[in-house]
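First up is the structure itself, then whatever we jot down about it.
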């Protein structure tokens, strides 16, 4: 049926299935006589076993989704993976998606592929409208494709940074719809930035007949992000949305899924990929989904949501104990931010020092964001880089509840963060007492009568 099985398979069944696929590839035929330049020959037995002897990769030179006659097993693997992944995207909340394919590139390069496909449809276009998100790969994806990003600054609403819809529409009117390749929006992001207003952007794109590409990097694991995409497609226009395999399915880095609502456009993107492609990302995600089953993946999504609530409540308690606060970002379903005002006021370097302390204590993934840092990316200068705004009101620390996180991860993180913040508190008190002693020992001259 081409769908993810409800219950996961055991490892021996998955291996048997992969071996059956592998013996359909010509390089594994007993009497095969290869006289071409690409015959699936592998020098190392270890490498052959690592790939289950599926050596030919996927696609043909003109289309990554095409069937390769001498690699029937690999071709079947590719078709099944795309079909199973499509089923999971529907299960995760985007019910009306019509087509998708796994591409052996991470999110940034996959976005570039989408932009290059649109180039042929819009030859006069040179700009991409991009609501600002301080993440280098999605910015570089536009530069690499040869387009000029038009950065739309976010609007501060309470603690949240949200899409400036009026500024987007004003810029479209200013530049002219024909000169704009697409609107490039984002769902999953670091707090205090929250997912873009996808519905409003989709309506604008439909009204001005401008394509809309969504960076949904780690949004598959969030029902809220997937709901935004579904709603955007329902009320307006979304041409494609791109998500990472490693962030959403816990596989090694190196693959992404390009999905959309117009089957022919997604096929055009797949045909834009030059040459054959590695089957490794497809193999990894298929093994993972067969192992989990639909029920196993749904359980992981449920646990992630529960851990988000737990992380949020516990981080709020810790923030209160240190006279800080958990920033109020209800529209962000994955990432949280805690203010670091006390550190920022006491010492400019203290914020970045906290990041170093956490890293040396084996806390990975937590980001500390100081105020006012400046970064230049491809000749574009971003003020307040990493905070998604020129002047965010305070320094802060990020933590996220992503798929696969466990209660133990949250507890250990909070314990280590608490210890680090206490260290800073002791140092601040020590410095204060030294200053008091020094002030009391200072003799001041009395004025003459």
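Keep in mind that glycine also has a Cβ here, set from the backbone N, Cα and C atoms.
The pyridoxal 5'-phosphate binding site annotation in TrEMBL covers 38. Annotation source TrEMBL lists substrate binding site at 60, 61, 68, 276. The tRNA binding site annotation in TrEMBL covers 234, 361, 426. Taken from TrEMBL, the feature compositional bias 'Polar residues' applies to 435-449. Among the features that TrEMBL reports, N6-(pyridoxal phosphate)lysine is placed at 247. Positions annotated as region 'Disordered' by TrEMBL: 427-449.
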Beyond the site residues 60, 61, 68, 276: chain residues whose C-beta lies within 8 Å of the centroid, for substrate: 57, 58, 59, 62, 63, 66, 275
Rounded Cα-Cα span from residue 361 (tRNA binding site) to residue 38 (pyridoxal 5'-phosphate binding site), Å: 48
Protein Cβ atoms within 10 Å of residue 61 (substrate binding site), excluding its own: 10
Cα-Cα distance maximum in Å, computed over every pair in 60, 61, 68, 276 that the record assigns to substrate: 10
From binding-site residues 60, 61, 68, 234, 361, the one whose Cα lies nearest residue 247 (N6-(pyridoxal phosphate)lysine): 361
Cβ neighbour count within 10 Å of residue 38 (pyridoxal 5'-phosphate binding site): 12
Cβ neighbour count within 10 Å of residue 247 (N6-(pyridoxal phosphate)lysine): 22
Spatial separation of residue 61 (substrate binding site) from residue 234 (tRNA binding site) - C-alpha basis, Å: 35
Proximal but sequence-remote residues of the same chain as residue 68 (substrate binding site) (Cβ under 8 Å, at least 6 apart): 56, 58, 59, 60, 74, 75, 276
